[in-house]
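Q: I'd like to ask some things about the structure below.
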Amino acid sequence: MMGFTNFLYFLISLPFLGGMAISLVFMTFSLFSIFKNWNTGRNKELFNGLLISGIFLLITNIFLFIISKIFYGGFYGNFYLVIVALIVIALIYFIGNSKEKIYPDNYFSNISDVEFLKRELNNTINVFISVFDKSKSDFQEKSEAKKAQKFESYKNQNTYNNNNSNYNNNYNNSNNYNNAGSYNAYNNYGGNLGPAPFRGYVKDDWSFPLYVLLSFITCGFYQLYFVYKISDSLNIVCDGDGEETSGLMKFFFLGIITCNIYCLFWDFNVMNRIQSNAPRYNRYTQDNGSSFLLWLLIGSIFCGLGFFVAWYIFIKNLNLICKAYNMEYANAN
């Protein structure tokens with residue numbers, strides 16, 4: 001009965017958790033926009049965005065508190081998010097009443113005017129759309145430049161590796177160095193397979209600090225995006241190994257049904273698949289699913305540090321094999 005109650009509580013709370021995540025993302029974007037576009041004649045609209053996200057965050061938490069009261073007889077929620085929302089609202093109020101006025105006199109006295117609210121909301125939305133479009137354009141330009149620079153370095157690295165490989169082959173042949181049998185026995189699974197067919201470049205620069213930060217800010221929703229991208233990338237990079245990494249829907253629903261046990265099983269299989277397929281790209285790692293779970297479960301006893309170590313290893317190995325795949329085809333494309 002308790003399991004059904006928890007499941008029902010989760011289903012009812014899910015829309016509000018989503019709203020809370022959206023509020024936090026929009027609040028973060030508002031702060032970023034204020035930082036990048038301060039004193040460009042749009043301060044009022046930028047701070048309105050911050051105010052709206054703070055109010056919406058406060059409202060979603062109030063609903064979560066009410067739902068917790070109904071189901072469990074007490075308040076269980078993210079009180080720190082309420083504090084953040086109150087701080088943001090207070091910050092806007094004090095800035096608005098400081099000498100450097102962002103809002104004109106008696107601005108908030110018009111808050112009961114529906115037409116005034118519609119006009120201000122429309123202006124705020126338009127400003128944020130323009131800021132988003134500009135930020136997106138700047139990001140794409142920087143991303144393309146970074147990608148071109150990255151694949152140029154891949155080509156240079158491949159040239160170096162090929163020259164070095166030719167030198168080693170000549171050296172080994174001249175000295176009859178033939179220990180390949182024992183080496184292939186150790187990595188027989190991945191070593192007998194060549195690189196996966198090219199199906200487009202995959203992301204190979206996942207950031208561990210950014211993963212932690214965005215997972216926290218979005219209340220775990222970023223991790224779902226992370227899982228979606230990982231499954232897609234691994235099924236490209238490891239194509240031909242006879243396995244398949246399940247996608248987001250299976251991860252999400254089986255995770256709920258099994259109380260996250262399936263999520264651990266998924267992480268375990270991903271780590272093992274990376275280790276097995278790394279030799280296809282002349283990469284090798286000692287970390288596998290077992291070491292990941294050891295750090296995650298046992299290592300977390302030490303003030304929770306094992307969690308961070310486990311995910312650092314996970315992302316490091318993911319970048320390793322994805323980068324090797326990209327480098328394999330950098331010269332050919």
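Cβ from N, Cα, C; glycine included.
Just so you know, TrEMBL annotations never went through curation; they're auto-generated.
A quick note: this is a predicted structure, and the numbers were derived from the prediction, not measured.
The transmembrane segment annotation in TrEMBL covers 6-34, 46-67, 79-96, 208-228, 248-271, 292-314. Annotated domain 'DUF4234' per TrEMBL: 207-275, in sequence order.
I'm curious about the neighbourhood of these features; can you describe it?
A: Non-local neighbours of the transmembrane segment (6-34) in the same chain are 43, 46-47, 49-50, 52-54, 56-57, 60-61, 63-64, 67-68, 71-72, 78, 81, 84, 88, 128, 131-132, 135, 217-221, 256; each lies 6+ residues outside the stretch with a CB under 8 Å from one of its CB atoms.
Sequence-distant contacts of the transmembrane segment (292-314), counting only residues of its own chain at least 6 positions beyond either end whose CB sits under 8 Å from a CB of the stretch, comprise 208, 211-212, 264, 267-268, 270-271.
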Q: By DSSP, what is the split of the domain 'DUF4234' (207-275) into helix, strand and coil residues?
A: 52 helix, 0 strand, 17 coil
